[in-house]
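Would you mind keeping the following structure in view while I ask a few things?
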């Protein structure tokens, strides 16, 4: 019935696209008129549109004219005309949806339409790409259109100064990566003055490769952290013990499907014996699982995970004495990202490299919650349909499949499945040889660096024969995390006849594989060669070189087309169908022919874990011989079903994690907004007074509860708190003994006495100086309390799952306890602020401006772990005289400032100085 209805009425996607065709016709109708305009008249349209917006005209009413202006500018500046289907893609983006456009259909050019239209409002438009190279390329390329039309553009890449970032964000359109935008948001909430902030709000954003960023990285929080104490030697000790333990596989259980590993009962007993014999357990404890040894249990578990779950050259590589994570989805190195909870340190100990200190979180946000800050969110990709439900559920974004400008001529062959890895590799080598010899370019996709380099070794020594001639080795290029610097160049040449390119998953995404070669990259290489020879090419030289290259590339393209176009060969199926579709989508661009095929074996991870035994039994039943493959539609369907199950499981994990992070996100927004108000204010005295009165209200509620009799009051306890927090010695007992005296009278007298004392303290210095003291102190205090709160939430999140064993919903438990912790944060902020401002000795010296702490670590965690990181900034060993003089108030008793940061705090709290009073300075 559904198919019958679709036949007559079309799919919902077709109806959406058709509905936009009327506006496309209107845009086309304006083309002759705008083509006749001079450059100045066309540029003047921008100011005309802004003036109409200022008069109250809605933005949507400008869409037809604005899109027509951008199309004309594209023709004049870049020699590129937006196709009708690109106009449809631009409308979807303007509406806050996702445009699914196939590779080669010009997503980068499409983005110029909605960016121009939305930038007219003057609130800033952000365009997100997956790496710095693409951000710079797109900004310099498409920025020419925006500049021509009178709009400014900027680009945010790693290594920019604060001033450069501010200028880029103040541009009409800003390009950059999701990491850079996210970290700038977090840094803006660590600074101490509005002038230091770089971003100016979150108005409209377009995310390129939206599936990669909003789905694949959805479990990867952006974290700014600082180092804690050094436990590197202990990590090494535990690693040695665990390496010995796992030699006997009865000591642990490894669940590959869930990616988990735990000690068996035998393993627990064995490691306990070893630790006890080595004197590693706390004294006078019953065993490993005694509360005093819980941190040791944590170290053992992380060492176990590092040695069993994480594989060298697949999950990470070692480079320059560092463990660098590998992105499972792209195969790229994730430089700067570190796994949390000591797991990264455990891997460092495993590999024998320097063990870096653990980190404590100063600020964090998930990719999901960062992008949900924007009033309007849009995205582009070649593969989003398989995740349409998730985009709708989490981001409220619809996916629209945009028709191709030309028909797709790609042929997708059925998978070939072999019994063993060796048989599969033999067939892959034969297929590569055939393509190379016939002049057909081939892109080979692998799932890991290890697999790409193994295949490279096989190709280097492969003996083959073609037309009676014998050869050894096949020339090829390898594109993985080790060679990411050459990424764009390798991908650009992947379409020349006979080229063999091995790439991990979707490395090189964002750069088209053009049959015959990439003109822009060839020209860039030529310019570089000329520069090396000391020659500065003239415009005429460039035109002549371009003409020469057009002939050369045209001839090469004809040979590649005659051989069948680009052949895409997948060496394994990914857990996600979308990643497989991304690989397939590299061929068949702009109506070119192409072919794709996956070569699989029963030993591949996906098939082995989810369908290995059944598949092997079927192959035996059918009598499949050595080197033979089975190819059938039902087999493709069975693999797709296994992938759907894994996708659904991963989606549930992401959705569940988001529910937990939403709890933190609400609190984060509240704290960041409050902090922003503090920073922008010039006078916080009313807030300080309100805090003081709230503290007194808390005292009254605790020590003189409502409806309690006078003999039930705890006046002694109240007196202690008043002296400790307010610095006041008052005759509370005499007051309480007065006839008719109650809680309201106590509140009034305490408020009056505290206000008078605060006024006396303020008289020691000028009102302006006091406002400066209050503001600087309050900002530092809110940061300190928020950091401690994040640490408590981390600990809560790590143990809350155990509540499920007690038949209680862990999420509801987490919400309840997180709210209680947040209330405690607010209470502590009021109390600590009041105590310090009422009790410290005021000795004012003109303070240096407060700046964001230096030496912070920016971390974006591995998508597979989805774990949180622990956090905090390092303080120096005591404070220098200059630092002491710069303190707005003497917040420490005399001599305490010389305490070593890792030493015990002199206050007797039992905490380290850096985690107690030292954190205040």
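Placed from the backbone N, Cα and C atoms, the Cβ positions cover glycine too.
Copying in the features that Swiss-Prot gives for the protein in this structure:
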BINDING   86, 104, 105, 106, 107, 108, 512  ATP binding site
BINDING   905, 907, 916, 917  Zn(2+) binding site
Excluding 86, 104, 105, 106, 107, 108, 512, which residues of the same chain place their Cβ within 8 Å of the centroid of the Cβ atoms of the recorded ATP site?
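My list of surrounding residues reads 101, 103, 109, 110.
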For the binding-site residues 86, 108, which one has its C-beta crowded by the most other C-beta atoms within 10 angstroms?
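Output for this query is 86.
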Helix, strand or coil at residue 107 (ATP binding site), per DSSP?
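Its secondary structure by DSSP: helix.
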Near residue 105 (ATP binding site), which residues of its chain come within a Cβ-Cβ distance under 8 Å, counting only those 6 or more away in sequence?
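Correct list: 85, 86, 89, 402, 404, 405, 589, 590.
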Output, ordered by sequence, the same-chain residues six or more apart from residue 107 (ATP binding site) with a CB under 8 Å from its CB, or 'none'.
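Long-range Cβ contacts: 89, 99, 101, 208, 380, 381, 382.
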Report, as a single number, how many Cβ atoms besides its own are within 10 Å of the Cβ of residue 106 (ATP binding site).
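Around the Cβ of residue 106 (ATP binding site), 18 other Cβ atoms lie within 10 Å.
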Would you mind listing, in sequence order, the residues at least six apart from residue 512 (ATP binding site) in the same chain with a Cβ closer than 8 Å to its Cβ?
103, 104, 491, 518, 589
Quick one: give me the count of other CB atoms within 10 A of the CB of residue 104 (ATP binding site).
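So the number of other Cβ atoms within 10 Å of residue 104 (ATP binding site) is 21.
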How many Å separate the two farthest-apart Cα atoms among the ATP-binding residues 86, 104, 105, 106, 107, 108, 512?
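About 17 Å separates the two most distant Cα atoms.
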